[in-house]
Amino acid sequence: MQENLNKNTTSLADRIDKYSKKWHALSNERILKILESNQITGLSSKEAQKRLDEFGTNCLPKPKKPNLVKIFFKSFLDPLSIMMAIAGLVSLIIGLINQLEAPDIAGLVIICVIILTNSFIATIQEYKALNQKEAIKNNSVQAIVLRDSKQIKISIEEIVPGDIIYTKSGDYVPADCRIIENQMLKVDESALTGENEAVDKVDEILDENQLVLGDQKNIAFMSTLVIEGKMKGVVFNTGRESEIGKIATKISETKKKKTPLEKKVAKLTLIIGIISIILGTIIFTIAYLNNSKINESVYQLLLVAVSSAISIIPESLTIIVKICLMIATKKMATKNVMIKKPKSIETLGNINVICSDKTGTLTQNKMFVDSLYFNNKVFNSKDLDLTEDPLVRCMALCNDAIINKKGEKIGNATDLALVSLLVEQKINYLTMRRKYKRVDEVPFDSKRKVMSTVNLIDSENGQYVAYTKGAMDYLLPNCKHIVDGKDVRPINDDDIANIKDQLLRFAKKGMRTLGFAKKDLEKIDLEQDYQYEDKLVFMGLVGIIDPPREEVKHSVQEAHDSGVRVIMITGDHKVTAFEIASRLGIADETYNDVITGAEIETLSREDLKNKLNQTNVFARVNPEHKALIVDLLQDQNNIVAMTGDGVNDSPSLVKADVGIAMGITGTEVSKKVSDVILTDDNFKSIISGINSGRNVYEKIKYSISFLIAANISQVLTILLVLGIFGQLALNSVNILFHIFVVETIVAIPIGMQSERNGVMLNPPPTHKKESLFKGILVQIILTTFFNTFFAVLNFAIAEIYMNNFNVSLSAEQLKNFATGYAKAGAYICIMFSPIFYAILFNNKFMPILNSNKKVVVDKYKPNKWLIILITFSIIITALTMLPFEGLNVFFDFKTYNLPAGLAAIFVINTLLVPLFIFITNWSFTKILARQKK
């Protein structure tokens, strides 16, 4: 019975709902009528906008974004915050029992300030990180749709019911659609049905009772992956109303996993936490045994021990890691490197092998036809005057690329090079495609490396021609005839020799070669598995140039200087590949060989592994070979980055330590499985990413070095003064104030410093599980030693000075002043030394080895936040030292009436700490330089 589809009586939304279970059982004509669409013209822009307003964007449901309040309270669940809160609570209880005094109140206030400050910083950083992740997610994927009779690219979010869409191998289906046309379409529906086997799709009407999604083979569902072939479809459901959208509304957000770096930091914090408990216990025990000299309450001794234990733990380290990763992600985005997974930032910095595609990454991906060979002659494309002959037809018909009236190019670079040639020759390829209708095709795949189409040339006589274009390795052996002028004759050995000779000439000029052939068909039965690619007639070949990117040669050299090997993997002819690799500095005297896919097939795993040490160039390889190459490189303890753009590159992208997808030419599946996306498809961006990754690792290592040295110095000073003088060098207020200033205010900006160019002069790590302490252990030991030594020295000098040069004071006064001044000396060194050497740990000042094994320091670029916060730290620390007796009571030292000579010694000793640190670091770096020569 004819349904009333009058849009005045039922809305489009109502009709879509009415037929929600019947799309697979309706004819194409009926569906188009229901959706008020047209497969020839598509929707108008005006109608599409109207439907977008009505149905909303084509987006899956997103999890609710946590608000600032929730993030803030969640930050209190951090293990360190809990530890400090417990310490504060215990201190409060004991203090109440013992009647709180001013220093006790100050200690509790500082604990609260530290917890609140760390929580505030953590909240801001997590909120920024969430916004940054959202921005990455919103980097819109595009789809091809038919609007106003033109194929255009739009964001998938703008797709609406009734849109005519086009998908090909490697694309994700952008919305639920009924298939109108398909060519050998296979779709992976595992995301929807759980079935891993690809489904062969059809464009015919199915039985109305086939309600199971897996049985609806004439429908392509949103978020499923096109494995093979291509299709044209009409959209009937988008976003939340799609099948995957309905499922997504029921799925809660998965728990966030920690990155390997965060795990390392957490493990380090745990180890230090255990050490802190042991040292805290030792401090309490020694202090308790010496309490006759110290004369403090057990509560104060306990508070000092607890504060000392807390001070050792680098509590701001987790915040620093988050800041480093967040800044790096933002910085790398400006360099066309989109980070999808935070762990890839740290891994990028450790890469020592890059396996790169040639086309578009090392080259400009601006292909143009330079030369043609046909009728046993070579022609320059600029000197040609082409007419419509079989070779030209093959270029136009065995081709899916188009250049629209706006000059927008849709299609792959090779096809577009052919179309551009036809446009330059004023040949209307679109008219030819309409005139000679395509009736069948065999899509390009990575194994055959050819594409074939069947076109109806003469409808009256039923004459069909199969056109084939692609790699000559596959095409030439299947050619039995050759075009010779206007005639066709059997191909002979001389013809084959001439063709191969010309292939070699083109390849030596760095050209990509593409062959063309045809096969005349008397009749065609599309239901049969017809062989279109045998007994072919060779028509000619073209040489296509894709110029190397100008900046790549420098980037390759930069990679080599930084200890990173560059390997080129391409589907091109081996001679072409080697020529381009030589121009870019990838192939050299050490790596002077080329391995082809055919050779890989014949070599054993061990032989191929040995061959890897002789070549940086792989030609005529398929995706399976790429994954094998990555696997073998990893067997040799390399950290490997792999670039890819096709659906078949997925295994190698997943296998690599860092999978890098192309943002412009890459398929959606390659982008989905990758860790990193290059938004400009440029090799230079990979080097920028490695630089940023290494800088992140360096910043974190310097932060660890700074924090551990500053914290351990404080505790060692307490232990040594206890052991030597039987006194507490620092009380709980001093210790907690040190945590607040050094860890919260001074340390965090170290992770915010600008990138250091010199980091690329150092080689990458030698293995994947390199310790965070590698390269900084000596620095930690030296910094700890000098800081502790001069702090204890200040204490000792004050004791000696007061006991030997102040005979006018009574014994009791002498003892009080000596201890008070000694504590002030230790406090000055412990507080101010880290503030001053924090400038050194802004690694622009740290010496490195350049490529000539000379010790250099990077050109200094001020870290404004470090300067601001160091200035602030100096001011607030200096305020605590003002010579007021009431203030001195809080901090348990004396600065009023401090002798000028003693004060000068304290300051000089404190300034000597960063000076000695810099000198010894420079000396050790020079020793290392001599060892490496």
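Using the three backbone atoms N, Cα and C, a Cβ is placed for every residue, glycine included.
Keep in mind it's a predicted model, so treat the numbers as computed, not measured.
The domain 'Cation-transporting P-type ATPase N-terminal' feature in TrEMBL is assigned to 22-96.
Residues annotated as transmembrane segment in TrEMBL: 80-99 (among others).
Here TrEMBL flags 105-124 (among others) as transmembrane segment.
Summarising the annotation, TrEMBL assigns transmembrane segment to 265-289 (among others).
According to TrEMBL, the feature transmembrane segment maps to 301-328 (among others).
Among the features that TrEMBL reports, transmembrane segment is placed at 704-729 (among others).
If you look up TrEMBL, you'll see 735-752 (among others) marked as transmembrane segment. Through the fold, the transmembrane segment (735-752) approaches residues 107, 110-111, 113-114, 117-118, 121, 304, 307-308, 310-311, 314-316, 319-321, 323-324, 327, 699-700, 702-703, 706-707, 710-711, 714, 830-831, 834-835, 838, 841-842, 863, 865-866, 869-870, 872-873, 876-877, 880, 891 of its own chain, all at least 6 residues removed from its boundaries and within a Cβ separation under 8 Å.
Among the features that TrEMBL reports, transmembrane segment is placed at 772-797 (among others).
With a cut-off of 8 Å between Cβ atoms, the residues of this chain six or more beyond the transmembrane segment (824-842) that come close are 702-703, 705-706, 709-710, 713-714, 717, 721, 729-730, 734, 737-738, 741-742, 746-747, 749-750, 753, 783, 786-787, 790-792, 794-795, 797-798, 863, 866, 870, 873-874, 877, 881, 891, 893-895, 898, 902, 905-907, 909-911, 913-914, 917-918, 921. Per TrEMBL, transmembrane segment is recorded for 824-842 (among others).
The feature transmembrane segment is assigned by TrEMBL to 863-882 (among others).
Positions annotated as transmembrane segment by TrEMBL: 902-924 (among others).
Stretch with the largest number of CB pairs closer than 8 A to the transmembrane segment (902-924), among 265-289, 704-729, 772-797, 863-882: 772-797. Averaged across the domain 'Cation-transporting P-type ATPase N-terminal' (22-96), pLDDT for the predicted model comes to 80. Nonlocal intrachain contacts for the transmembrane segment (265-289), taken as residues 6+ away from its ends with a CB within less than 8 angstroms of a stretch CB, comprise 79-80, 83, 258, 296, 298, 301-302, 304-306, 308-315, 317-318, 321, 700, 704, 708, 715, 718-719, 722-723, 728, 772. Taking Cβ pairs closer than 8 Å, the transmembrane segment (772-797) reaches residues 264-265, 268, 700-702, 704-706, 708-710, 712-713, 716-717, 720-721, 724-725, 727, 729, 765, 822-823, 825-826, 828-830, 833-834, 837, 902, 905-906, 909-910, 912-913, 916-917, 920-921, 924 in its own chain, all 6 or more past its ends.
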